[in-house]
Amino acid sequence: MAQINPSILSADFARLAEEARAVEGADWLHVDVMDNHFVPNLTLGVPVVEALARATETPIDCHLMIEEPDRWAPRYVEAGAGSVTFHVEAAAAPVRLAREIRAKGARASMALKPATPIEPYEDLLPELDMLLIMTVEPGFGGQAFLDIMLPKIRRTRELISKHGLELWLQVDGGVSAETIERCADAGADVFVAGSAVYGTDDPAAAVRMLRHQADEATASAGWACAH
Ligand SMILES: O=C(CO)[C@@H](O)[C@H](O)COP(=O)(O)O
């Protein structure tokens with residue numbers, strides 16, 4: 001079944017605990033950490049992730065858009081994140097970092113910005129639990145989905161199949177009722193959605209609707225999710 005991870009970046013930051021609970025039933029709560037260096041925006045850090053982990057039963061999927069992830073990612077596992085994503089463009093030693101995240105008890109995930117190809121990282125895939133393909137330039141919610149990322153999603157799904165991996169394939173940016181089916185058809189199985197969930201009157205219903213759309217598209221495409 002497709003996983004839907006609402007992005008807290010599109011929530012009301014003055015009511016974070018309430019907004020986190022508004023999407024219980026989602027698979028993971030996606031938490032965007034931005035440092036104003038790796039991306040031109042500043043959001044939240046370790047203490048807020050700790051507070052969110054206490055506030056909701058939904059596991060935390062932490063996306064680090066920061067410099068020096070080798071130094072910081074382990075702190076987010078300690079803060080309670082069940083999955084930690086670092087950007088390969090920022091990591092000094094991605095294999096060592098993925099192993100450290102796993103050793104500390106979280107799922108290890110690596111993200112690629114739109115201009116970063118997957119092919120140089122084929123040999124790293126067995127070290128990961130999830131690969132995140134950004135479908136917008138990281139930094140802000142509410143941007144338009146980049147259709148030109150669909151071939152990269154498709155090629156990544158082929159690599160996952162070729163190596164027989166159970167790696168999850170996440171997409172993030174501009175995912176909505178209008179775009180989720182194309183992502184699922186191309187091979188994504190984990191979908192981050194910010195404005196398409198928190199921009200509605202009923203975030204929990206939006207999660208269910210997106211999941212249904214993704215599942216239908218995956219079934220027609222004929223490949224099976226690893227979860
Ligand atoms: O990482 C990011 C942005 O850099 C995302 O997680 C956004 O928060 C997604 O928001 P929408 O594009 O779905 O509104």
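Cβ atoms are placed via backbone N, Cα and C, with glycine included.
Annotations in TrEMBL come from automatic prediction, not curation.
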With His30, Asp32, His63 listed by TrEMBL as divalent metal cation-binding, which of these, Asp123, Asp129, Asp147, Asp172, is given for the same site?
Asp172
Would you mind sorting out which of His30, Asp32, His63, Asp172 (the recorded positions) have a C-alpha within 10 A of the one on Gly139 (substrate binding site)?
Asp32
On the three-state reduction of DSSP, what should I expect for Ser195 (substrate binding site)?
helix
Roughly how wide, in whole Å, is the group Ser7, His63, Gly139, Phe140, Gly141, Gly142, Asp172, Gly173, Gly174, Gly194, Ser195 that binds substrate, by largest Cα to Cα distance?
17
According to DSSP, folded down to helix, strand and coil, what is Gly139 (substrate binding site)?
coil
